[in-house]
């Protein structure tokens, strides 16, 4: 400290000019001399009366601060200020927060009021941490303070400490961590609330008060531009005529309506026929031929058809025909909403796509079609629904939310559709579906038409569905499980760390020949999607990403920009394969091969739809994809594709079992026929490989 003093500061205290401090040399009378003693001491002093000057040793113990009673010397109780005991033994009462309720002396924070007012004690500035000791002349302990004034003025900031009791309840005999009251806080795990383990060892991390992701920003989707509805659909390709040879089978009790060879022969409303032509539909697909006439005849349907076969129109057209033909009310501005038709599907993107298809077919009509899904503003969706709703397309989660809040009832429901039923069950929506079907307002089974559409219907799903279908027809169209012969398949051996460079090389080759070509890149992990998408952007490609960790607004924007050509490369996780029709996808790249061969078939089915040609390129990594070799060889062989020699060798040397055993004639069979029940007719023709089955489970929540 002495190294920083100038000459004046270093001079003896006896040579100091006290008047230069702006302080009087005496107070009161001539008999009261100024105490120029220890300015930073522990005891009584400062400018007090009757004391001798003490400035020569400003750091000596003995006096008070500048006029303040420093309360040095013997240590006093922090609570009441009395000497002779410590704060933890203070007899004065304290509450559980340490606030004194019976203090002998009233102290002002920073004000330093005196318990013995006297002349010359005008003010005081103090702190609860102001005990002036030689080691810290400016105060470092919890006795009293450094201040200006006199008397007890420097005690201005006394800290109020609690008693010896528990900090939570204020009672003695235990510590806060053992408090039986707990102050409303659970002694157990912070995540699940259970006892016996810490949060870091919690076996149920998804429960309790675990810190969750930040809340998604409020998102209100833009209104659908109806002029775009008719230009975004996939047009029939050069091989569309092959659909005429797809095998079909219909089983069930009579009467069964024969297949309709044209939309005009289905007796649909003229407005619907106009929109069908405007949408570019020339003739119905096989699933439409066999399903629409029977639905219009009032039959429940369980339809099994391959992806891209026109299932959406198969249930929307008869539903819209019924609404227009019977002039069904939309119940506008009434609460709760009472839709005539309800379509439940597993994913948000699929719900949006079905809603757009419904608006396309109902264009220029009074029919109102609405959508409800998670990730978007619920109040906005309810506002649209309550403005009038004939057909509601919804995901299970958001539908249950509206149902529990009493915003929707099913008392007027005529059509119930479960689209991609097997996928909803695979994703864990079984309990939600049961809750909807068993809701107290749901119309009885005999008074509604229930339709189920899926790529496959295993026996367990058929047994479950029989509980809420009434005298249904089982319709199976096409072979499912084989790859589309309209898709050329290429498998390249690319190690993990060479995939980026190979992808860039392939994209450059593809886009040189066709700059407007759309490329869909599949990856297995969400973080890989962002990594690959960013890498492609750095290489000056127009790429975007889509996966479950992106906000709904970002997902819809990415999909919209990919549809419209703003971006011509979409890097996505497998969820994009779930039933989406995207016009113009010419190439599908499996950057990461899936773990299940059925998902592989379904992925490559995103291209080559409705008779159009397509190309799929798969990167094979021997370290992660060896389990697929035998199945890949089988799929390529059935689709008449060229099989690389290296892949055949790896398949022969593989120790993994083959899980794919070919497509067979039909994807599913009616379990009632094995029990001797059901009547019907069967039409078998030459087999054609179109589409593929549902994909395996993924770790993303898309409801």
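Glycine is no exception: its Cβ is also placed from the backbone N, Cα and C atoms.
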Checking feature assignment: zinc finger per Swiss-Prot, candidates 125-140, 189-204, 205-220. Which range matches?
189-204
According to Swiss-Prot, which of these ranges is motif 'Q motif': 261-289, 290-318, 319-347?
261-289
Quick one: sort out which of 35-73, 386-424 is the region 'Disordered' according to Swiss-Prot.
35-73
In Swiss-Prot, which of the ranges 166-181, 230-245, 358-373 has the zinc finger annotation?
166-181
For the motif 'Q motif' (261-289), the mean pLDDT of the predicted model:
93
Hey, does DSSP put residue 309 (ATP binding site) in a helix, a strand, or just coil?
coil
Looking only at residues six or more beyond either end of the motif 'Q motif' (261-289), which have a C-beta under 8 A from one in the stretch?
230, 233, 235-236, 240, 243, 246, 248, 296, 303, 305, 309-311, 313-314, 317, 320-321, 324-325, 360-365, 475, 477-478
